[in-house]
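Per Swiss-Prot, the features are as follows:
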- 30: site 'Important for tRNA non-discrimination' (SITE)
- 80: site 'Important for tRNA non-discrimination' (SITE)
- 172, 218, 449, 491: L-aspartate binding site (BINDING)
- 196-199: region 'Aspartate' (REGION)
- 218, 219, 220, 227, 484, 536, 537, 538, 539: ATP binding site (BINDING)
């Protein structure tokens with residue numbers, strides 16, 4: 001139907017007849033001449049119809065979002081009327097003929113006025129919202145990124161192998177989406193939270209290198225960077241170690257960013273231990289573009305009478321830290337400090353102490369804060385020395401249980417970095433390694449990553465004789481600008497170690513056999529050393545396109561209640577369907 005896309009129309013085609021198809025983006029009548037901006041996925045091109053044209057009446061009748069096909073001759077625009085904002089801006093098409101393929105009702109919102117349109121309206125009419133050039137750019141970038149990844153992995157010997165969507169429920173932390181079986185009454189499939197076990201079984205099968213661009217499903221409470229269904233770049237390889245995975249993935253991600261948006265990452269990426277990340281930034285996914293670090297002052301506060309600090313300072317499960325904000329005296333108002341106090345309260349902090357450093361030569365008198373009177377001058381100036389604070393700086397303090405301090409002050413660090421625009425570079429990729437094998441909650445151990453991550457032990461005897469809370473794992477996460485974009489590990493490849501890890505997690509032998517018997521059996525039939533990683537496609541595309549909402553990079557996303565406003569899913573089904581599946585719906589009591 002067409003000879004060219006809009007972006008193909010340029011001065012090289014001057015005098016040539018072309019055919020274009022698309023939507024009427026804008027219609028203007030200037031002195032009896034009709035100007036039409038025609039939009040397709042590549043951009044805009046201007047179409048001109050003069051009054052003496054046989055199709056002038058048709059052109060005059062067009063309205064926004066009509067779908068048309070037009071023929072005409074490419075002509076240079078009059079001098080001074082070029083449009084530098086579009087690739088076809090030096091030319092226009094002098095229309096010969098035009099065909100209305102389809103009319104359009106008045107759309108629910110104007111594409112140029114999307115910012116004043118509610119999110120619910122845009123999701124209900126997603127097919128309209130996706131016509132916006134900004135949205136099309138994001139999804140085109142997604143397509144290019146996935147194509148690059150496929151080519152890279154194909155060229156490096158990885159095989160694209162599909163794994164099942166209807167599988168066994170083996171909870172991995174979040175709730176499963178369950179699918180009832182019609183053939184086996186009362187039994188259910190689960191939609192996979194990841195292809196974890198299947199990709200390991202492919203290594204047992206001898207395929208050596210595997211990848212898949214795959215949908216995964218988690219029935220969990222949603223955030224701005226989460227969706228119930230999401231896409232992973234899933235990767236596994238045999239006879240490898242951490243260095244192989246990390247170096248290969250660095251090449252892939254560095255190449256992806258260069259190819260897609262022209263950004264060059266220095267390799268190898270910085271490597272940081274989990275312990276260092278928590279100690280310095282309160283987070284296992286720190287944004288290293290922000291030049292603010294925690295300073296531990298626990299020992300300095302142990303003998304102070306100020307119980308807010310000395311209490312946690314003498315508690316092994318707590319920490320006391322200072323966070324220096326250079327020039328914070330002038331940059332942070334009292335109102336902002338009050339807002340930050342409320343902000344850290346979201347994470348469980350009981351308050352936010354601070355000290356403004358007005359003068360270093362006046363002793364305590366040069367320090368401004370409600371807490372100054374409660375702490376000795378000697379300790380105050382030790383803290384100032386430790387933090388390298390200068391006149392005009394402001395110190396924030398976190399004191400309490402380690403998790404609360406890490407979460408609250410880590411979030412505060414990121415917020416201040418954004419509020420004050422402290423970013424010292426555009427991109428900061430790194431690896432976080434040496435994660436704890438387990439984390440403890442309610443006096444029970446949980447896998448920090450998942451139960452198939454290999455611990456840093458060489459035998460089951462080492463595993464038995466080591467305090468589980470002191471075990472490190474062979475896990476690694478890739479972090480870019482504060483986002484965990486990928487996570488993986490070397491896997492357990494010996495049956496006795498896997499069985500013991502299940503045991504440490506409180507999974508009985510019978511339960512392990514019921515849920516993971518097929519995996520335990522496979523590990524007894526000659527399993528190679530293997531490991532892998534999974535990248536969140538949606539998060540990567542967020543970074544590549546500069547958006548902060550995952551819904552912007554998915555064609556048809558769900559809301560924060562996991563519903564689709566466009567199709568009205570989830571929906572009820574007929575009683576006949578329920579009876580066929582042997583399911584009775586329990587009505588919610590109100």
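Think of each number as a place in line: the chain as shown, counted from 1.
Every residue gets a Cβ built from N, Cα and C, even glycine.
Farthest C-alpha pair in the ATP-binding residues 218, 219, 220, 227, 484, 536, 537, 538, 539: 20 Å apart. Under DSSP, residue 80 (site 'Important for tRNA non-discrimination') is assigned to coil, being neither helix nor strand in the three-state scheme. Cβ neighbours of residue 537 (ATP binding site) (same chain, under 8 Å, six or more residues apart in sequence): 142, 145, 146, 213, 230, 231, 232, 233. Checking each of the recorded positions 30, 80, 484, 539 against residue 491 (L-aspartate binding site) by C-alpha distance, the shortest gap belongs to 484.
Each of the recorded positions 30, 491 was assessed for Cβ neighbours inside 10 Å, and the highest tally belongs to 491. Under DSSP, residues within the region 'Aspartate' (196-199) fall into helix, strand and coil as 4 helix, 0 strand, 0 coil.
The binding-site residues considered are 220, 484; of these, 220 has the fewest other C-beta atoms within 10 angstroms of its C-beta.
Residue 80 (site 'Important for tRNA non-discrimination') sits 16 Å from residue 30 (site 'Important for tRNA non-discrimination'), taking the Cα positions as reference. The predicted model assigns the region 'Aspartate' (196-199) a mean pLDDT of 97.
Counting only the Cα atoms, the space from residue 30 (site 'Important for tRNA non-discrimination') to residue 539 (ATP binding site) is about 46 angstrom. Here the C-alpha separation of residue 539 (ATP binding site) and residue 218 (L-aspartate binding site) works out to 16 Å. Rounded to a whole number, the distance between the Cα atoms of residue 449 (L-aspartate binding site) and residue 484 (ATP binding site) is 13 Å.
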